[in-house]
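Heads up, the thing below is written out as structure tokens.
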Amino acid sequence: MTEFRSGFVCLVGRPNTGKSTLTNALVGTKVAITSMRPQTTRHTIRGIVHRDDFQIILVDTPGLHRPRTLLGKRLNDLVRDTYAEVDVIGLCIPADEAIGPGDRWIVEQIRATAPKTTLVAIVTKIDKVPKDRVAAQLVAVSELVGDSAEIVPVSAVTGAQVDIVIDVLAAALPPGPAYYPDGELTDEPEEVLMAELIREAALEGVRDELPHSLAVVIDEVNPREDRDDLIDVHALLYVERDSQKGIIIGKGGARLREVGTAARAQIEKLLGTKVYLDLRVKVAKNWQSDPKQLGRLGF
């Protein structure tokens, strides 16, 4: 009988390299926020992959980057702390972008912080380029990480090679117990997941500066007194400037209604029940650089 393996895998890379989409594909359901805007993941989301002979706990970190705000520095510290605590690091590099200084800097950070941790290089977004481009990127990644790291191409969107990535990561794990019961897919509290789903809906189609300036806090979750099949969710969306508040709300409140409709559909899937979603937008000036406000908003 094969020995059961289990452990923690950290997916790292520059912002917007497909880490959250890959986490969701590996787990088989949505546990991490995805957005075309960089730097949208702010919590270490753990997704859990269950099989008969192994269990992978996936840690989806913010993209490592050179920070410009106190929030950025705290996100980087979170990533480095995670490096030191996991069994395998999965370095995500997209097939459709040339390797640059940012990728080299991250490899240096990994080597400095966790020199003995197993490194697997994952070439993401292979559905976006022809096969010859994928092959060229595999060679370039091999030169970047060296012979000791295994390299796997994958498309989280189409599902191509997702099972191979799972097998490679599982093979690198040590023997160990199942940390989570079968069927549990994430250890994030439901309120955190709800806040992330609202944030994802609010980020769709907005200007580049907004992702960094938007935080969502779930204020209250209550079952409706006169209805067993309805839950009331009240959430606050914090931005840094009045102009950003206008972007979120839109003309006559149209955009906020769209955000509410999209987020409510996702939250109803998460909770398995009907939801009344109340969204309010508030300005918390320069919260990204204010330690007290960062703490209040969960950072």
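Placed from the backbone N, Cα and C atoms, the Cβ positions cover glycine too.
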Open item on the list: region 'G2' per Swiss-Prot: which of the ranges 39-43, 289-293 is that?
Closed with: 39-43
Open item on the list: Of the ranges 60-63, 100-103, 224-227, 240-243, which one does Swiss-Prot flag as region 'G3'?
Closed with: 60-63
- [ ] Could you check which of 124-127, 184-187, 244-247 is flagged in Swiss-Prot as region 'G4'?
- [x] 124-127
